[in-house]
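*Asks:* Following this message is one structure expressed as structure tokens.
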């Protein structure tokens, strides 16, 4: 008998055997993985490998032999003293998840989903993605020896898919919108039995992101932060982080999870969850045409939107947005204080953190963790526009000396 | 009294007090750091922070309070089973140093040099660089609260310096060659007392790279690999890796270092050390105009060239080159077997590894470590040229189904 107890519908609570299944037959709600957790304690993990697979007992893979790892996870939790000082916080940490093997947090869910595809004996994997997820899925597919199919709209730039193509993925470039690519991926996944990580493998996929909670808890010596700032696109990651902390409390590794505050950060131009939160609604109204530089968060109709709203209620949370100017300023602030170079999604987190401090919603002594989940090298064009090209100097020491303090 | 015993000229062996000094007054030889090492054992390091600063007793910083860390080091040593199988090796490891905070191994030497600049009380830091080192120096300068000056020739593309500019570095864009930029950096460093990490801080700077030996030894449970493949530009890194293994033997953490084999990998078009090695010379003839896609190894007159030749003699080594085609093939091979996306310098290592195996110079059961030191996201344009843009498909499930196995 495996450690997964069952899959359970998040809505109607119907239980299912843990098979290649992701949606409730009765009410179409998402299925979550529930476990029979073994007895663990702090020492269980302390001398393990330095990847998120150190928590394998708490992840939905029954046999360790099915793990497909490229060394992701256990990214640094940086004590951000300089950024903290700039913002007026004494106890600020950055979870720098740009330092994964494919350079975003997506190595977590993609790695778990590809491992589960191996456990299920599937013949191929894939995803619908235009960015970070494509690379994470393709890299894990390469390591796991799976053919990989990436479904994306055809207007995506060649430069943006070069990384994923390098890993050997087959690109299905669809003449249509992202929604078209997504629909085709779902249909092909179902008819060919291909594990589309963010669609028909989603129940297992989202489990990877909860390691962002496990690692932060362990890196804080099994304490729960007071404040967490989480960038939100579909909302799956924020929901998974909450699940992660709850599971650690269930196995008695931490306590007082109910005291933490969850802050959802979205970009202006695609902030449907923030809008719903501020209007005190329980449902999210989709944004028709997202308009933001934070492309990796530009999901107009967030699948987990309503669950994020519930989480914010449950965990005394807030939702806030930041505009393009604030995002760019925040990217530079983070780079110039902590030496961390992030993509716009990371700028959204830091900009919203700043706003929360300015509005007095975070106490300066609170233990605050800000998640930075993607890499600035993937979006250099955004920064090139705001950083002036240096003036050319004559190769004359005397003249150049005058420039140097 | 500190743990640094003295600086010593690598040539005439003259000793110096460890101050802000890097070149022998008598013979102009480079100065190396020698230590009074404390007593250490395997347990000394095992529960330390997961960065290269876990070895702080063996690094040239007297007081821990001067450490400037952005979380670099302890990058994964990946058991490369799929790549090993493709090449015919049973015991191959990749040291994936693309996973550092600024995405190359340069975070090691730059971090040590910037920390030493803090210990010396210098007012600013800088470097002469056109690539990875510029970002590593700028990021550590940001975290350490130093003004940072990057000296580079003016023909460098804006996109290539966006990362370093984001960290707030001052770019001195010199109308001239890299040699001009280098000369001006040296003169300004000396006259203003600025720590130019790869020039006047070089004795301390190179110490950072030896952590590439420490980590591999610890990750192999304190064993020495049989074969090491090291990409070579200036040669400083290969020399530092040898020094690192020797120091670990001196403190009795490992033994039989003299049995290891060092393989120097250079790109065709800039392989002066390979040329000298193959002609059995003890001096390197500079390459006037380097011509290779491996820009980060395109150093025509390698400062440590003669020392690399000595190391290859000392450690039963070889030197080999790979051409552009072989480099590109190797980048794809690594990505498609291990899910690791590297820049051309990493392709040089893997291509030379393949050549060594094909020529029967590596036994299939040897413990072989191949160093991959930089990130493919910094050189996507190189890969775009060899990866075809996917054909656009009509958004029709039936037609697309036919494409999928």
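Cβ atoms are placed via backbone N, Cα and C, with glycine included.
Here's the feature list from TrEMBL:
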type    : residues     : note
DOMAIN  : B:69-374     : domain 'Tryptophan synthase beta chain-like PALP'
MOD_RES : B:106        : N6-(pyridoxal phosphate)lysine
BINDING : B:132, B:373 : pyridoxal 5'-phosphate binding site
*Asks:* Around the residue listed as 'N6-(pyridoxal phosphate)lysine', how many other CB atoms lie within 10 A of its CB?
*Replies:* 32
*Asks:* Which residue among the binding-site residues B:132, B:373 has the fewest other Cβ atoms within 10 Å of its Cβ, if you could check?
*Replies:* B:132
*Asks:* To the nearest whole angstrom, state the Cα distance for the pair residue B:373 (pyridoxal 5'-phosphate binding site) and residue B:106 (N6-(pyridoxal phosphate)lysine).
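*Replies:* Cα-Cα distance, residue B:373 (pyridoxal 5'-phosphate binding site) to residue B:106 (N6-(pyridoxal phosphate)lysine): 8 Å.
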*Asks:* Rounded to the nearest angstrom, how far is the Cα of residue B:106 (N6-(pyridoxal phosphate)lysine) from the Cα of residue B:132 (pyridoxal 5'-phosphate binding site)?
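*Replies:* Checking the Cα atoms of residue B:132 (pyridoxal 5'-phosphate binding site) and residue B:106 (N6-(pyridoxal phosphate)lysine) gives a distance of 6 Å.
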